[in-house]
Amino acid sequence: MSIEQTFSIIKPNAMKKNAIGDIVSMFEANGLKIAAAKITVLTTAKAEEFYAEHKARPFFGELVSFMTSGPVMLMCLQGEGAVLKNREIMGATDPKKANPGTVRAKFGDNVGENAVHGSDSPESAARELALFFEKHEICNV
């Protein structure tokens, strides 16, 4: 496997639980390094742009509302096979179905408020990273 970059969001519900340190420790313990990070509150426009693929879905409005409800932590994670590794660390989308010890099993509340987002492919990672970070903001760690 090669060194990759992937995009990750710690969502508002996990931020409210003060879970940043625990979640970042899980990434680092599994060989992922933080190449960029920022804490912000997403605007409605940015959340709608990020989740544009879900615009026609019935949950879109609720998703945008949740993602703009409080601070999020945006990260570029880097490491060997980072996209897949991050998805394994996160666990299943539904926290009830996530393996014990995964981020979503520990900090997710339900399918919508599942603590974290992670890119599902290298192509998605590139698109998502470009949406939130300038090239000069991402370090090669």
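First residue shown is number 1, and so on along the chain.
Any Cβ shown, glycine's included, is placed from N, Cα and C.
What Swiss-Prot annotates here:
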- His117: active site, pros-phosphohistidine intermediate (ACT_SITE)
- Lys11, Phe59, Arg87, Thr93, Arg104, Asn114: ATP binding site (BINDING)
Surrounding CB atoms that lie within 10 Å of the CB of Asn114 (ATP binding site), all protein chains | 24
Where the residue listed as 'active site, pros-phosphohistidine intermediate' falls in three-state DSSP terms | strand
Count the other Cβ atoms sitting within 10 Å of the Cβ of Arg104 (ATP binding site), across every protein chain shown.
-> 23
Which number gives the other C-beta atoms within 10 angstroms of the C-beta of Thr93 (ATP binding site), all protein chains shown included?
-> 14
Could you tell me which of these recorded positions, Lys11, Arg87, His117, has the greatest number of Cβ atoms within 10 Å of its own Cβ?
-> Lys11
The rounded CA-CA distance in Å from Phe59 (ATP binding site) to His117 (active site, pros-phosphohistidine intermediate) is 16
Rounded to an integer, what is the Cα-Cα distance in Å between Arg104 (ATP binding site) and His117 (active site, pros-phosphohistidine intermediate)?
-> 10
